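Here is what TrEMBL records for this protein:
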- 1-24: region 'Disordered' (REGION)
- 31-52: transmembrane segment (TRANSMEM)
- 105-126: transmembrane segment (TRANSMEM)
- 138-160: transmembrane segment (TRANSMEM)
- 197-220: transmembrane segment (TRANSMEM)
- 241-259: transmembrane segment (TRANSMEM)
- 307-329: transmembrane segment (TRANSMEM)
- 341-362: transmembrane segment (TRANSMEM)
- 374-393: transmembrane segment (TRANSMEM)
- 465-485: transmembrane segment (TRANSMEM)
């Protein structure tokens with residue numbers, strides 16, 4: 001076979017063409033936007049890493065309550081505005097309501113939705129960095145720290161916490177981006193957009209109330225005229241329309257929160273100052289530094305065992321504090337931007353992460369435990385990224401102002417100090433990007449000079465800065481990945497997953513004729529602290545047939561009830577309690593038609609549900625009314641001769657009363673057992 005000469009022949013022979021070859025469109029776009037391409041790759045890698053972490057987790061505690069309440073309630077205001085452990089989160093409850101009906105206990109789908117939202121938040125954060133600092137390689141450094149810090153891992157792997165965190169990760173950067181656009185252009189639609197994002201965040205998380213704090217701090221430090229009090233007054237007065245508008249969703253949220261708080265189990269309480277100080281010390285000086293620098297190599301499982309808190313050792317704390325001190329110290333060489341950035345971070349940590357816990361959730365007996373909770377700090381990962389960038393990178397406004405003063409645009413405007421975050425973008429910035437003449441460009445920026453500039457330090461320092469930063473990021477990445485590995489070693493969601501998988505199969509095959517009673521779920525799912533939402537009658541309801549849902553709730557009289565054991569299998573029920581037999585003779589004494597059986601070891605209140613087993617002999621079929629203390633009354637029909645019945649009853653006090661409602665019938669209670677359902681032996 002012969003081939004023609006030229007490029008076509010080369011192509012048909014499998015060789016290289018001598019003509020111009022067109023690259024795929026995606027490759028051309030990637031080459032034209034290397035910073036954006038790198039950001040997308042970072043997001044993909046981070047999401048894949050977190051998918052691995054989440055694959056080892058599973059539903060726990062509050063997750064079950066959210067799903068159960070979603071199934072039991074209509075999508076109305078009463079359901080959406082219920083305060084749960086201090087949280088008013090209509091958006092989160094709406095999501096729980098939808099998932100409870102579409103795919104209850106489908107962890108893969110839940111994880112996919114969580115990480116999709118997290119990825120959207122990452123794109124929003126990168127967009128914010130581009131708007132603030134321009135499309136420059138240097139923005140990838142704080143962005144990578146945000147994506148790979150282990151600070152967010154426990155919160156993302158706990159669905160109830162992720163319902164709060166993920167919307168905030170989207171709302172905060174979007175609000176900041178809109179606010180910066182408003183500051184630069186003065187256009188009101190950006191102001192309305194920022195207000196909308198604040199409202200969106202508040203629908204899911206109380207901490208979204210701190211977004212205006214970030215907006216105000218950003219305005220004072222980087223967009224106001226003058227310094228100190230002058231900048232404060234300028235920001236407050238010149239942008240008073242913004243603060244007034246931002247206060248609207250905050251005020252509405254506060255009114256709704258306080259109105260619903262009164263009828264909830266949550267309370268605002270002032271914790272002892274010493275406990276607050278110890279909580280803040282551990283949270284800010286131990287948990288936050290080690291997690292944000294990727295040095296959380298030690299975790300301790302708590303609760304169900306599928307969640308862990310950070311327990312760093314002395315070496316990890318010392319190393320992380322030393323690294324943060326170097327980062328902060330290096331940024332201070334740049335001038336005011338450094339200390340303003342870290343002041344903003346400090347104020348945020350105190351106002352958003354310490355105060356809400358101190359006012360409502362800080363138990364004096366668990367101060368140390370609360371201080372080790374990374375989920376209380378997960379929202380601060382984004383703020384750390386923002387402040388790290390503000391501390392080292394000049395904003396686009398600063399670059400434009402400096403360029404206008406110099407008469408030409410700098411080829412590399414980023415100061416390389418401290419840890420040496422450097423921008424390696426080639427060539428000058430197009431003059432069309434200069435906005436020095438914009439009406440909102442602050443005059444104070446003319447006096448905010450970096451102490452050192454790359455052009456002053458020379459190309460040698462620039463060349464050294466890039467590998468130093470790259471090496472630092474590599475070490476940070478490895479350390480963060482190791483923190484994730486250690487977290488997976490300590491937590492185990494597999495037990496809960498296997499339990500529900502077994503239950504799903506058992507209930508699908510269960511006969512409609514058997515009676516399934518209620519009991520506590522294994523501690524790997526929920527602890528008794530969650531009350532009825534730690535019982536099989538609630539937790540397993542989404543997996544059960546309608547008839548079995550009813551019997552688990554009502555626990556009607558049954559000859560042979562079953563329960564779900566700790567492995568998820570159906571098994572005959574036993575009773576953990578005391579068998580009460582007559583003190584003399586074969587029958588409990590009766591007064592008229594009522595037998596009174598003393599039951600010790602229980603409270604007088606009638607709010608606890610017990611299992612009662614009666615052994616009765618009757619001369620004919622008899623209708624018995626059974627009451628435990630001051631509790632409810634249960635009716636049960638006992639056939640003639642010797643029979644046994646078991647049922648659930650709500651009550652308390654020290655006496656079980658059994659009364660005949662059948663005229664002429666005689667009965668004898670030969671034994672009574674009162675206790676709690678357990679798997680039979």
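Quick reminder: no glycine exception, Cβ is built from N, Cα and C everywhere.
The transmembrane segment (465-485) and the transmembrane segment (138-160) are in contact, since at least 3 Cβ pairs between them lie under 8 Å (pairs 6 or more apart in sequence). Between the transmembrane segment (105-126) and the stretches 138-160, 197-220, 241-259, it is 138-160 that has the most C-beta pairs under 8 angstroms. With Cβ pairs under 8 Å as the measure, the transmembrane segment (374-393) is packed most heavily against 138-160, out of 138-160, 241-259, 341-362. Panel annotation: around the transmembrane segment (241-259), residues 81, 83, 88, 179, 182, 191-192, 194-195, 198-199, 202, 206, 209, 212, 215-216 of the same chain, lying at least six beyond its termini, place a Cβ under 8 Å from a Cβ of the stretch.
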